[in-house]
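Beneath this line is the structure, given in structure tokens, with notes to follow.
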2 protein chains.
Amino acid sequence: MAAKRSGARGKRSRLTSEPVQEPSGESPLSRERIVATAVDLLDAQGLDGLTMRRLADRLGSGVMSLYWHVDSKEDVFDLALDSVLDYRGPPEMAEPQNWRAEIVHMLEDWRAGMLRHPWSASLLPRRALGPNILGRLERMSKILSRAGVADADMNAAIWSLWNYVMGATVTRASFDLSDDDRAAAQQRLTSERYLTIERSRLLLDNDWDGAFRKGLDFLLDGLSRG
Amino acid sequence: MAAKRSGARGKRSRLTSEPVQEPSGESPLSRERIVATAVDLLDAQGLDGLTMRRLADRLGSGVMSLYWHVDSKEDVFDLALDSVLDYRGPPEMAEPQNWRAEIVHMLEDWRAGMLRHPWSASLLPRRALGPNILGRLERMSKILSRAGVADADMNAAIWSLWNYVMGATVTRASFDLSDDDRAAAQQRLTSERYLTIERSRLLLDNDWDGAFRKGLDFLLDGLSRG
DNA sequence: ACCTGAACACCGTTCAAGT
DNA sequence: ACCTGAACACCGTTCAAGT
């Protein structure tokens, strides 16, 4: 928030992806190693499990050594998140012109990538958009314009898909309750006054993937209509 | 996560809303006062600003006194979030049968309520759904079924709207950058290979409210189609 | 039934220093 | 250029005790 005095040492700027020539020497600590280890730690211990001390331990260094390569713990979060979101594109498409299949593929992959690292969902969205996230937005934009979305609607269309994916993913990651938890929640509905959603078993419905796809279809129908 | 030994003192269970008879005595500490003060503190200092010590200070009590009324800091977050989301319904409607206006009103109010307390967006979604959130879901469900959404589509329809609102709100709350930040981000697009979204000025578009409404219309079109 | 202080086992980051 | 330990100013929560 408030600008932090300086930090203007020789670090590379955050979240850029220019090619880095691997030096032949074996620097024991590097941005790349720190980020990769942070992801491992987050996968193993969750969001609260990542502390600078534990991260340094895993890397075999002192805590403060990390701060040469990285600005702050927030910086580590930004980098770890983006590192989990790279996208290599759809498999060879039967019909390369099928924009709808292409966008569904990317968005399902996006969601799946985040759900493989559930901490990433609670981290989103961050102030800083990394190169992988921007790359996905760029790709979406191209597909949508091939699909005939008008320029005037383009930004709203992109953000509506973004919103949908983010909401779905964040929700799915945090509602991963045990069956008992879900049953208890549903139970509560009966005893109080939520009869309609009790009857439709809103909190018991387990088909997250199907619901994601169905809602996405609603939205794409709306986008391509007219 | 792991069940915490007992805590089975005389506390009321979390997040229920049964009527509470106000006793004539003036207990200096109460669940209600704690939650209200937590909201004030969050509004003033943000998510990281809420600590149990600071909360106790504001209430003029010892830290540990809070734990009589509340299970943990997580519990305080659950309660503070739900307390910010109560809904009194739309103003008297010109056409009471206009389901679309009614749902737009509730969802815009939902988003607005959370944006008034920006910390609430980063808190969502939580594992526990409080009574105000459940009440909104119940209301949505009734409106949608009046709108003719089939029972088989109901849960997917509800979650798709939920996803959209959550994604939009969380994003809007965290992207509240200064104009300088946004300009810098947009600048980065030019220098790298994100030409399409650069050209549409995706990161500069300032009309969040308009984009929210537009995307919501896309989704509602899809939901009510056919 | 409700409140308390002391203590425990941690945090992120600053700083001055080492090589 | 890169790494370090000590120190600072905090955390949430357990526990045993008070009234």
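The backbone N, Cα and C atoms fix where each Cβ goes, and this holds for glycine too.
Please treat TrEMBL annotations as automatic predictions, because they have not gone through curation.
Looking at B:31-50, B:51-70, B:151-170, the range tied to DNA-binding region in TrEMBL is B:51-70. Note on the DNA-binding region (B:51-70): DSSP counts are 15 helix, 0 strand, 5 coil. Remote same-chain residues near the DNA-binding region (B:51-70) are listed as 9, 11, 28-31, 33-34, 37-38, 40-41, 45, 76, 79 (criterion: CB distance under 8 Å, separation of at least six residues from the stretch ends). For the DNA-binding region (B:51-70), the predicted model reports an average pLDDT of 96.
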